[in-house]
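TrEMBL has this to say about the protein:
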| type | residues | note |
| --- | --- | --- |
| ACT_SITE | A:Ser120 | active site, charge relay system |
| ACT_SITE | A:Asp198 | active site, charge relay system |
| ACT_SITE | A:His232 | active site, charge relay system |
There are 2 protein chains.
Amino acid sequence: MKFGIYLPSQIEDKKLPVIYWLSGLTCSEANFIEKSGAQRYAQEYGVVIVNPDTSPRGLNISGDKDNWDFGEGAGFYVDATEEPWKKNYNMFSYVTKELIEIISTNFNVIEGTQSIMGHSMGGHGALICALKNPGLYQSVSAFAPICNPSKCAWGRKAFEGYLGPQETSNWSDWDATELVKVYNGPPLCLFIDQGAADKFLQEEQLLPNNLVEACKIAKVPIILNKREGYDHSYFYISSFIGEHIKHHSGYLQK
Amino acid sequence: MKFGIYLPSQIEDKKLPVIYWLSGLTCSEANFIEKSGAQRYAQEYGVVIVNPDTSPRGLNISGDKDNWDFGEGAGFYVDATEEPWKKNYNMFSYVTKELIEIISTNFNVIEGTQSIMGHSMGGHGALICALKNPGLYQSVSAFAPICNPSKCAWGRKAFEGYLGPQETSNWSDWDATELVKVYNGPPLCLFIDQGAADKFLQEEQLLPNNLVEACKIAKVPIILNKREGYDHSYFYISSFIGEHIKHHSGYLQK
């Protein structure tokens, strides 16, 4: 598994907190490194940023390269239960356990002081990683996340493939809009960013209003920032990544 | 010919100055747009940025796709005199005349108030565009420019192909280190940026010291910023693009 890591210069003198970034469909670890412009903010706020790939690669599982929204580049941050995926497609465990251990063992970071954010499929990933592990992350944010995967085409396809049919498997364990309803842990505010001109919003792949409604009922605080005129691209991400890093930094450096 | 243009929001209310960016070998107009992070500085300083492609495309001239350092993606910002290039490979005239006219005709810019910068082959391009057109640009800067193309492998290959053999053609008309020696125009300070860990510096493709020596003799002011540890990549560019835009902005908004 490849990942990117940005180490600000302060790390030579002291341990720093970590923000994890989870990328969206079709991305490798390269997109965020090359296009987000996050580095200067990581330096400014003194945080390490770690960004893993979006799936295992090179396994040559039958069908893993046939779809841009399933298989390679589309691990969906779940632990698969279905064949032929369940042995390797365990992105949830990788991100929330193995990767954290690799980072704390090999870099000068403050163990246990970390936040998580992501984009689109990775926004979904960030939300479920935080909601399923109360207290593991100090804060969570997402750009244009897939908020209710059980109810959109991308999510249904992925869940069907990795988790099995909705009727016989527990999709709600992997769906942020369902998970907020049963969240039971330290206070956690969901910071959601959404471009108003995002075509995937219009195509109902993202469904942020479902998450907002669920948060209201569950009394989980949520901030939904609508950005007029912005689409789903890395240009949109690079425009607001500084705000997100600043947001997390407030939680990480108290 | 494709080009990128970034229009900061101020342009809705008033005419703005323009900075031209010339890219390096193998680039299209996309690299700068996606990787430089220049947009936020263009917005901050209120300047338009225009970045053309690095050569004509799609002509299917025999041999135009055989080399990454000659032909498509490698126009070298000269006006070719040799067959089969001379009809279309006129990047110098395109950048200094046609493109400027396209921009001033179609966008709300201050005509004649412009600067130029570039990277590697495009740094060479920026320098010769400024030196060969005294007064056309208010300022010029370059990241890791090919400073003395007549004396390096990339430049010699390109000049040989586009301009003909050194013995019988006027390479010095297209070489910044030669052009500073005969520069005769309004005061022009060359602002050069160079990563100290740039492998193409070590391979003597860039030769900034030759340009510095020529400037000393010709009494043309030059700033050479060496950046410890930086290479030739867009990560290096994105680290210092803000400084360059600020520099030009000082000349453009007096």
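Note that Cβ sites are derived from N, Cα and C of the backbone, with glycine treated the same way.
Between the CA atoms of A:Ser120 (active site, charge relay system) and A:Asp198 (active site, charge relay system) there is a gap of 11 Å, rounded to the nearest whole number. The Cβ of A:Asp198 (active site, charge relay system) has A:Ala144, A:Leu206, A:Tyr230, A:Asp231, A:His232, A:Tyr236 as same-chain neighbours under 8 Å, each 6 or more residues away in sequence. Of all the active-site residues listed here (A:Ser120, A:His232), it is A:His232 whose C-beta has the fewest other C-beta atoms within 10 angstroms.
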